[in-house]
Amino acid sequence: MFTRDMKIAGFDDELWNAMQAEEKRQEAHIELIASENYTSPRVMEAQGSVLTNKYAEGYPGKRYYGGCEFVDIAEDLAIARAKELFGAAYANVQPHSGSQANSAVFMALLKPGDTVLGMSLAHGGHLTHGASVNFSGKIYSAVQYGLNPETGLIDYDEVEALAVEHKPKMIIAGFSAYSQELDFARFRAIADKVGAYLFVDMAHVAGLVAAGVYPDPVPHAHVVATTTHKTLRGPRGGLILACDDEDLQKKLNSAVFPGGQGGPLMHVIAAKAVCFKEAMSDEFKAYQQQVVKNAAAMAEVFIERGFDVVSGGTKNHLFLVSLIKQDITGKDADAALGKAHITVNKNAVPNDPRSPFVTSGLRIGTPAVTTRGFKEAECRNLAGWMCDILDNLEDEAVNSRVREQVEAVCARFPVYG
């Protein structure tokens, strides 16, 4: 029999020490990885609940196991809230991740060998948008569009020309490193012109979309998929939304289960339900507005300090800094900033001359620092400190000074107060 006072501490000290160290790192370091955020204690409470014990293959009311009456309530809540939050006719909350959500969409809409048109990973797309090393580029015939080299913006004329030439079965609109708005209406017009499905991967901007501060893809797309973390600030997981098409919805359900997954993670689905309820609040809308303001403030400082920001700025939660002009690798910049307790990720920039393991850029995002309570003033200061380090990459005194400034601001803005 288990007792409620069973703890990891004292039982598995190696693991407990690592968990404690990670909590301290999160509190003492500034997090600027665009795909990371902090979940609320409510979300973590759901994830740590007894719902993790329940197997529930199938869907609410149509399970393959008994005893699902209460987890059915949790999943029904998550589905209803997702549909309300995004104004969608259909929601599947079972995908374990964004990549598995995307995989299910491919499986539902395509046959092996069908042509897909997606954004090049080298220009800001995602592995699951047709990269050759991913299932999406191995099982399907992938054609890639990119950014205009002069403007740093998506070239919709190129997208249309490629669509007309290759006649894809599905066009993917979405990104992992693009700082501007997407024209979903134009994407849909192109898809309709060639008889393709439009699939939108809004994993990075779902929270912004929910708050009405980024264009809404749901009215334009046949299918939308997203993660539930990142800007949405929920548990790590996936979500699929779709239009009012019963046949399409059945295909999507079958592609998730039994096509790609077995039992859903009911504790994570409960956490998704919590996340969606949090996202309906006025506080969440204000948070998303601040995320965008903070990203713009940081990008402005980098530009003022002489750094090239890809696409000329940002209209969402992230931006890319090109370090080609400074002859600094993304790998070295990442390491130097990390020493100062500023966590970013090295990232390829369009037409990057260096390998993906080295890169010539940094991807910077503001969801996590905004959760801490940073506003424009703190973000401008932070961007200035980062520029100081990048301008003096080998100067330990500069790095040490910035680390002290980081420690002070983190103490003022704790993650979990």
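Heads up, residue numbers simply count up from 1 along the chain you see.
In case you wondered, yes, glycine gets a Cβ from its N, Cα and C as well.
Annotated (6S)-5,6,7,8-tetrahydrofolate binding site per Swiss-Prot: Leu121, Gly125, His126, Leu127, Ser355, Pro356, Phe357, in sequence order. Summarising the annotation, Swiss-Prot assigns N6-(pyridoxal phosphate)lysine to Lys230. Among the features that Swiss-Prot reports, site 'Plays an important role in substrate specificity' is placed at His229, with the record citing sequence analysis.
Note on proximity: of the binding-site residues Leu121, Gly125, Ser355, Pro356, the one nearest Lys230 (N6-(pyridoxal phosphate)lysine) is Gly125, by Cα distance. His229 (site 'Plays an important role in substrate specificity') sits 16 Å from His126 ((6S)-5,6,7,8-tetrahydrofolate binding site), taking the Cα positions as reference. Under 8 Å, Cβ to Cβ, and six or more positions away along its own chain, Phe357 ((6S)-5,6,7,8-tetrahydrofolate binding site) finds Lys331. For the (6S)-5,6,7,8-tetrahydrofolate site, whose annotated binding residues are Leu121, Gly125, His126, Leu127, Ser355, Pro356, Phe357, the maximal Cα to Cα separation is 17 Å. Candidate recorded positions: His126, His229, Lys230. Fewest other C-beta atoms within 10 angstroms, His126. Here the binding-site residues are Leu121, Leu127, and the one with the most other Cβ atoms within 10 Å of its Cβ is Leu121. Ranking the binding-site residues Gly125, Pro356 by C-beta neighbours within 10 Å puts Gly125 at the top.
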